[in-house]
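Trainee: Pasting the feature list from TrEMBL:
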| type | residues | note |
| --- | --- | --- |
| BINDING | 78 | Ca(2+) binding site |
| BINDING | 365, 370, 545, 670 | Fe cation binding site |
| DOMAIN | 2-117 | domain 'PLAT' |
| DOMAIN | 117-670 | domain 'Lipoxygenase' |
| SITE | 102 | site 'Essential for stabilizing binding to COTL1' |
């Protein structure tokens with residue numbers, strides 16, 4: 001008899017154990033073993049346990065290519081989470097079988113040996129019902145596309161958590177924390193008693209009390225400096241929305257700012273600063289023009305589509321020099337200036353900050369990270385088998401994304417969602433912004449090196465999102481290139497991989513609605529094209545999401561800096577604004593505290609994020625020496641960058657931490 005040493009690793013997750021009968025079959029190039037009942041030895045499949053068995057065969061099975069696992073009910077049908085299986089042959093060769101899959105029924109599941117294979121180099125495509133094509137057919141029945149609203153990226157079919165496959169559910173820890181946070185967020189912030197107060201604020205100091213229960217270093221800084229032009233300008237670079245600002249070489253026709261109108265920092269003229277020195281920058285919220293503002297508590301809300309002109313000063317600050325709150329120039333749409341009265345200028349900035357909240361929350365955060373990450377994930381699960389190298393590379397960057405997005409559709413943007421109830425863009429506005437944003441989105445804007453170059457921001461000082469983001473992109477790019485070029489040696493191999501091509505085709509069709517104007521590839525013709533796109537996917541799911549998500553409470557906890565809505569129209573004439581009109585314009589108490597609770601929830605990191613920060617791969621999908629070594633090299637580079645970022649932040653009054661790899665999660669999971 002020939003003996004094979006089988007080691008089974010049960011995952012260290014809540015409820016991962018099974019008391020059912022577990023059977024295994026070894027499949028090789030020269031035959032397969034009998035179906036063996038592993039539990040006949042002893043019950044061994046407890047959470048985190050490593051179990052050892054001997055499977056005897058009358059002859060050698062040749063090269064092992066697959067195992068079959070099934071679980072049959074003993075007393076009650078339970079669920080089991082095997083992490084991986086290792087099999088040592090009589091010739092002392094160890095075969096690795098990554099699993100990381102919940103087995104919840106009595107079906108037979110096939111798992112291939114861990115060596116990554118593209119479709120055209122699969123030497124075992126003859127394995128009948130266990131072929132990779134059969135694997136994909138089964139997954140495609142489970143992971144189906146759906147349309148939430150016309151004109152926005154497609155999503156996973158499933159209107160509840162229960163309708164999602166068990167493999168993409170939160171862990172028990174994260175599920176408990178999400179429920180706890182959703183129910184008690186207002187309690188933890190000590191705001192529960194104010195949650196139903198529909199009264200207006202009467203004094204600015206009353207708003208200050210909201211910060212007492214949960215302060216952060218950044219939130220404190222914002223509270224102290226929110227009126228200052230320097231912080232206003234800083235947030236376009238290093239706040240939660242660093243995606244809108246661009247160098248301005250010529251003023252838009254609908255923004256009639258003149259040189260005589262503005263007071264510049266330094267001696268140059270507006271024309272020289274703009275066209276020669278490159279020191280003038282523009283933020284244009286034109287996508288908000290025409291968006292129907294929400295009605296909250298039967299009261300109409302106000303959402304502007306402003307234009308802001310800023311100047312890089314000789315002391316390397318970014319300072320606003322002109323603000324127009326509506327897109328169409330008119331007598332009742334004045335251009336506000338820093339030389340106006342204190343409250344005229346402050347009110348203009350408040351309307352900008354409210355517009356920015358609604359723009360970035362929907363366009364920058366929801367669309368460009370959450371919804372795109374969902375598209376990448378669904379296409380991956382429908383088109384790439386477990387044995388595919390791209391599946392192995394990208395699976396860690398899809399963790400929890402499908403469930404968090406189902407929750408977002410239920411709790412944030414549904415008819416009863418928080419944004420619908422409390423944000424100026426809620427309701428129809430959210431869908432309108434998503435539609436307009438997708439139709440103007442470009443591939444280059446998703447790739448930070450291209451985006452920074454196109455917006456003319458290469459030389460802007462103190463732009464930490466750019467500095468950290470470009471370094472992270474390069475580290476991810478090198479990692480992706482080294483991994484994928486170990487499998488794809490030529491452009492022809494990329495072109496021949498029909499599974500890879502179907503993955504990108506589905507992304508183009510379901511994510512970008514087949515809009516060629518986006519520049520999204522419809523197919524991959526070269527290795528370089530593939531490497532760049534995969535880099536973008538990983539960057540979007542990890543770094544970009546961290547950059548536009550993690551600082552929400554930091555910059556929004558002090559409501560006047562980031563009002564979720566405003567309940568009075570902006571001034572139409574100068575000289576009319578006052579402290580009272582400002583306070584009356586702010587959202588009421590109920591809306592304010594619910595807005596704070598949402599930003600706190602979205603910024604709060606789960607304890608379940610341990611070991612899933614960027615570069616950490618607790619699930620060992622790769623088994624070959626080359627990719628395993630590249631993962632170690634990747635982790636070293638990320639640690640080095642983290643140390644650099646921490647050293648820089650140690651001397652800053654306002655540290656920028658959101659792209660530190662030590663706090664950047666692998667996936668869109670919150």
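Keep in mind that glycine also has a Cβ here, set from the backbone N, Cα and C atoms.
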Trainee: In whole Å, note down how far the CA of the residue listed as 'Ca(2+) binding site' lies from the CA of residue 370 (Fe cation binding site).
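Mentor: On Cα coordinates alone, these residues lie 32 Å apart.
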Trainee: Which numbers of helix, strand and coil residues does DSSP report for the domain 'PLAT' (2-117)?
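Mentor: Taking the domain 'PLAT' (2-117) as a whole: 3 helix, 56 strand, 57 coil.
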Trainee: Would you kindly give the Cα-Cα distance separating residue 102 (site 'Essential for stabilizing binding to COTL1') and residue 670 (Fe cation binding site), rounded to the nearest Å?
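Mentor: Cα of residue 670 (Fe cation binding site) to Cα of residue 102 (site 'Essential for stabilizing binding to COTL1') measures 22 Å after rounding.
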Trainee: Nearest to residue 102 (site 'Essential for stabilizing binding to COTL1') by Cα distance: which of the binding-site residues 78, 365, 545 is it?
Mentor: 78
Trainee: Using the centroid of the Cβ atoms of 365, 370, 545, 670 as reference, list every other same-chain residue with Cβ within 8 Å of it (recorded Fe cation site), in sequence order.
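Mentor: Going along the sequence, the neighbours come out as 366, 369, 373, 404, 548, 549, 602, 668.
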Trainee: To the nearest Å, how far is the Cα of residue 545 (Fe cation binding site) from the Cα of residue 78 (Ca(2+) binding site)?
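Mentor: Approximately 36 Å lies between the Cα of residue 545 (Fe cation binding site) and that of residue 78 (Ca(2+) binding site).
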Trainee: Going along the chain, which residues six or more apart from residue 365 (Fe cation binding site) have their CB under 8 A from its CB?
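Mentor: Correct list: 240, 545, 548, 549.
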Trainee: Sequence gap of 6 or more, C-beta under 8 Å: which same-chain residues meet both conditions with respect to residue 78 (Ca(2+) binding site)?
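Mentor: Spatial neighbours, sequence-distant, of residue 78 (Ca(2+) binding site): 17, 18, 19, 20.
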Trainee: Tell me the Cβ neighbour count for residue 670 (Fe cation binding site), meaning other Cβ atoms within 10 Å of its Cβ, over all protein chains shown.
Mentor: 23
